[in-house]
Each structure stands twice: as C-alpha cells, then as structure tokens.
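Over in TrEMBL, the protein carries these features:
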- 94-276: domain 'Tr-type G' (DOMAIN)
- 103-110, 167-171, 221-224: GTP binding site (BINDING)
Amino acid sequence: MRVGCCLLLKPIRQRLCTASISSRHIMRWCATSSSNINSTETAAKMPDDDVSGSLSAPSLLKYKIEPSTATMGAPRPPHDDDRAFCTLSSFPPSHIRNFAVVAHVDHGKTTLSDAILRRTGVLSGSQVGTYTDRLLVERERGITIKAQTCSIFVVRDGEEFLLNLIDTPGHVDFQYEVSRSLSASDAALLLVDAAQGIEAQTMAHFHMALDRGLTILPVLTKMDAVLSDAPVDRALQDLEDSTGLLRREVLFTSAKEQVGIEALLHAIIERVPPPTGLLGLSDLQQLPPLLPGSAERAAMEEKMVPLRALLFDSWTSECGGGLRRPAPRGGEKVNSGNDNDSNLICLVRIIDGTLTAKTVVTFYQSQRRCEALEVGIIHPELRPTAALTAGMVGYVVFSRVRGEEFLVGETLYTLPTRKFAREDIVPVPGFRRVQPVVFAGFYPDEGEYITQLREAVEKLRVNEPAVTMEPLDCPALGSGLQLGFLGMLHMQVFQERLLAEFGQRVLVTPPLVQYKYREAGSDEEEPLKPLTVHTWKWIHEGAACYLEPYVTATIITRREHFQAIDSEALRRFRGEQLDMRVLDDARVLVRYKMPLADLARGFFAVVKSLSHGYASLDYGDPVYEEADLVKVDVLVQKSRISALSVICPRSEAPSIGKRIVSSLKSNLTRTAVDIPLQAMVGSKIVARETVKAYRKDVTAKIHAGDISRKQKKWNDQKKGKERMARRTVGAVTLDQSILAAAMGAISL
C-alpha cells in the first residue's frame, strides 16, 4: 500500500509544480491524497459527515469531491483510572510527534485544530469550537489568547502514534505564548489563508520557528472560501518567494468542510521528525522493589538518566483557563488527594528521562525542589498516567507556592545517582525573562479592596507569566498596582479576565512604555536605569540623558491604502520609512522606524481603519535611543494626580497637556466652586482649564436701584465661594470614564 501511495503522490506533486494550479486539482488532492491509515476494532468511528464532502464555495460546486477511502484509526483512549496507558514501552520517541500550529490572526488555527481533534475522535461534534478557545474572553473576542495542547492517538498500518498538538495565538501581543509553544515542539504547521496570503505575523512566526531549527509544514487553509485560481497561485508564489518553501511541500485543507484533514495527519506522521531524547528512569523511587546492593539493581541504576523537562505553561484550577480532571465514570467520587484547587498545574515537555508521581524535581533557575503529586496527559481534559517519558508532552501537579518560583520557561531536572552533578545538566534553550512593553496602574473600585485585587492578580499571573507587578500609591486613587504587559491588547485581555474570573472591577490609568535614563557621571557600559512617572528624575536631579524605545514596524497592506498609511505614520506617529517592497500586484510591504509609545497609543488601530481591515502589522524588540523627554503632571484643584502623569517629547508636551485638561473639563462634574485644571512641566504651566462652578443668581430679587447693591451681593458670594474652596481642596471624584477619556486624549 505504501508503494501505491507513492505512485499516487508523484503525479500530484508534478501538478503542484506547474505554473497554474486549478481549484479542481487542489480540491481533488485534498480529498484523495491521504495514505492508508488503518483503523482497528477499538478505533473511534467518525460520523459520516466527517468524511470529505462537497465544498460550498460557488465556484467549486461544479467539482465533485470523491470521499476518501483512507480512514484514521484511534486506539483505546485512557480511562480515568487507567494510569498504565502511557508507559515507557507504549510510545517510544520514534512513535511521538510534537507540533505547533502557527499563523497570522484569523487564518484558521483554532478551526483547523478543532477539525483535527474531531477527525481523530478526541472531540465530539458538540464540542467543536469550544476546546481550544476555553477562556470567555477568547470566545467573546473570537481570537486565541492562550496556547492549548492536546494529545492525539492514531493508528497507521497497525502502529500506534502519539501526536501532541499545540494551538497558539496569532496576535503580536502574544508572541511569548508562541515562543514557548515552539520551544516544546519539533515542527510547526505554518498556516496561510488561501484567500489572504502571507501576512506580517506569518513571517514573524516563520522566522521564530526557523531560528529554533524546527521542521516547517506549510498549509493553505480555508480552501472552501477560494473563488478563483488567482488567490491560490498568489499564495503559493508568496510562500516560495518569502520563505523558500517549495510548492510541492504545501498541504491544502478546508477545516470547515473537513477536507484534507487525513492528508494533513499523514504528512505530520511522515514529515515531522520524532523527538530525540534519552530513554530511561530518572529517580530511584521509580525502580521496582529490588534488594539494595543486588546486581540487578546496580545494573538498573547504571542505565538511569537525568530528567530534563521544559515547563512551558502553568495555571491553577482557580483560573478560568485551567483544565480540570473529568468526572469519573459511573458517577462515583474518587479523591486522589491531588484535587486541591490551589495546586499548581504545569505543562511540560519531557526532553530526557522519565517523570512520575512522587518524583522530586529541581527547578534549574530558582533551585527550588518540589515533589510531583501527579502526572498525566491532556486528552482533551486532564488524564492521569503512570509516567511521562522522553518526547511526551503532558502535565505535572505541584503543591501551590508563590508563582514567582515557577518561572515559565524553566528547566526541570533530577540527579538520579551520585555520578551526576548539576554541571551535567544542560538547560533547555529558549528561557528568557520577558520584558514588558507597556505599563498601567490598576486600582480597585473601592480602595479597601486592594488586598483582594492583589490576590487575584497573583493568581492570574501564574497563567500570565509575562505580566509584571509592583505596588503603587496615589493620593487621589489610593493603593494600587503597576502592571507591565506585552501590548495594549494584552492589557485589555488581562483586565477582562480579572472581571470574568475573579469579579474584580478596576480603574486603569493611561498606559505608558518603559523609558530609561543614564545617571550623571556613569560610564556608558553601565546598565541604564528604568524611568517611569513615579521614578522620574530631572537633569538637575542627577539624570544625564533620557532614552526612548524605538521599534521597527513591518506593515503589509494593499497598494491603494499605502499612501494614506504612510502619511499618517509620518505626520502623527513620528514614523520614519526605512524601505518599501512590492510583494505582488495587489500588496506592498513597508517598514517604519517608530517610537514604541506612538505605536502603543493607537497606530495599529489607525492602520486597520485606513486599510479597511486589510493590513497586518508586526514589530520587533525595542532599541533605545536618546530623546528630549519631559514629564507632564496634571493638577486637579491644585492636587497632583499621579495616575494622569505622562512622559512625552518636549515638543509635544503643550498639546498633550491641553488635550488632557480639556478632556477633564468635559467630563468632570461641576460643583459649587471652580475647579482649576493644570498641566505642568516642572514648575511651568503648559495648559490650563477651569471647570466653572454652579452660580446662584443672588441679584434675582433686586429689580432696580443702585448698582452697588448688586455688587455687594456679588462680593459676598465670591467670598463665600473662596471659603468653600478652602474647605474642599482635593475633593474631586475620578471614575473610570474620566480616566478612559484622558487615555483617549493622549492617544489622539
């Protein structure tokens, strides 16, 4: 049957190499190019509608898709009490495939992942669309935020294979999620929308996978939406020109119509390299009960290898995105002792050795030692197993400790015998402490609830390791927290998760980027100091110079929208065009050097608006350059509101200050006294507005007579207002709507 498969694929590959590829050829390839993947008696039978069917695109209705005769089998899934399902001998590394699904936003990652899980019997039809997007905010926004993994069992030619799928986010703010997922994978499925072609994040993910030496499988998705041959030809040409991937390597799928899924699964088994790792036991307690000092035990100890595992995600059961163990069959309650909601669940990729319950592991960076309470796989919920061996992806449960001690990206290891030392352990590459891009102050709606807010943030940070936290104290808003995020969307999602999962309503201050400064008298080799509105230093206070982060932003857009985007980038966002390249007849790629602050305050939203949603953006790590910066303070009724302070270029200080005080004037409620609003740079007022007081007409009953009678009433009223103002200094209420308006004023 393998020979027949090769004979079938040969003419198909020849057709793919021709200059023009018809939709009929592509669709027929999707439906018929699967190799023989046998089913077994224990295989989960798929519904009839899971077999390749007709496509619904109008231009493809005339092409009949013949159902594939190849079938996919699945071995018996593990039961709740079947801890011996995954053992050292069940799935050697040669029968394991680890791969991540990466793509630009809305190119079909989640839909394809669900289609794979449905085709292999992991999900039923009613579960499709709900597995990989577990968070409420993911379903509401329609985007993937957290990477999700699932173990898939298939049978091919009588051999069982374990496929570990990792679905990743596509937005630029969640690149750290993608980076961790790729570190746990051996290959990447690079998805490209057949109608839209390559976008900015497509290339970013491609280079990220290439840098890690991963095998890349290009996949054209949403083939059911293709209305002509031209988009497919253009997408294939883009792939060749931009990535060097050959046309004959491309796979074609329609997850919506369940077309091409079997061919994709077969390609994963054939083309994804198996993991390379050392097989063996990694802890003395994993040995069978043998007489100490016996020759048999000594021989087994000699074959032991140190455990090495990559921790690439973590959560607690209190977080909404966490997985829970499925209910036992029969309705009986089984208490394993490991069901504490405060326990920490970590996703790990086993590089070498074996991990079992009761194994004591050491974290490479923190050197903390912890005992594993339970290990298992995700299929599709938590399934306890006897062990995780080299090449597997699964979970391990630890007793809950401070989240900072469980750094995502850490290497877990053991030293099974005395012949091994820490120096023999090579940490898994890729660990780095992520640097936040934007910072914002989070304050509880009620000041006395700061303890509950801090606890909620600490719990959520276990699942969001990129978020940093520092305490804040603002006279106007009370105690709060300064949190660092990877972007504006990341900040908004975190705020929504606080409300959805912990019921925490917060006031959020305008976001700021991380500036730096060099101390006077310091050498250029010395590290730069972080600079925020709370740690601001003027030149006369010891700062030698200020530095602002700049990034290189890459935009792919249609040619007719380029002029408008270029004009806005240069005029409003201090952009500097580095180069521009024509991709094809319809699209261009342009790169700008731009301050990160301008990018964060709404550049991407402007680009999306000007391009009617047909533009994509990506940017790299920031580079710091000297800049003439000042801090603008906002005073309300002569009381400084640190939550509204902002760092900006000196030339923009008057306009930003004017916008902030004008916004406050429009949104603050009038009182019985005047409320002065001031924007100051140092001791200089750069903008001022006044919220006029309500004024009673004290001369209404004076109809005629000497004007001095009216003046006396007016003077008495003025003195009364002054006395009232002295008694109500600082009594101004700032709610979320006022702060949101100020945030919008900064972004104009």
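Cβ atoms are placed via backbone N, Cα and C, with glycine included.
Since we're looking at a predicted model, the values are computed, not measured.
The structure, with features from TrEMBL marked on it.
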residue: Ala103; record: GTP binding site; DSSP (3 states): strand
residue: Lys109; record: GTP binding site; DSSP (3 states): helix
residue: Thr168; record: GTP binding site; DSSP (3 states): coil
residue: Met223; record: GTP binding site; DSSP (3 states): helix
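For the binding-site residues listed here (Ala103, Asp106, Lys109), the lowest count of other CB atoms within 10 A around the CB belongs to Asp106. For the domain 'Tr-type G' (94-276), the mean pLDDT of the prediction comes to 85. In this structure, the binding-site residues Thr168, Met223 were compared by how many other Cβ atoms lie within 10 Å of their Cβ, and the smallest count belongs to Met223.
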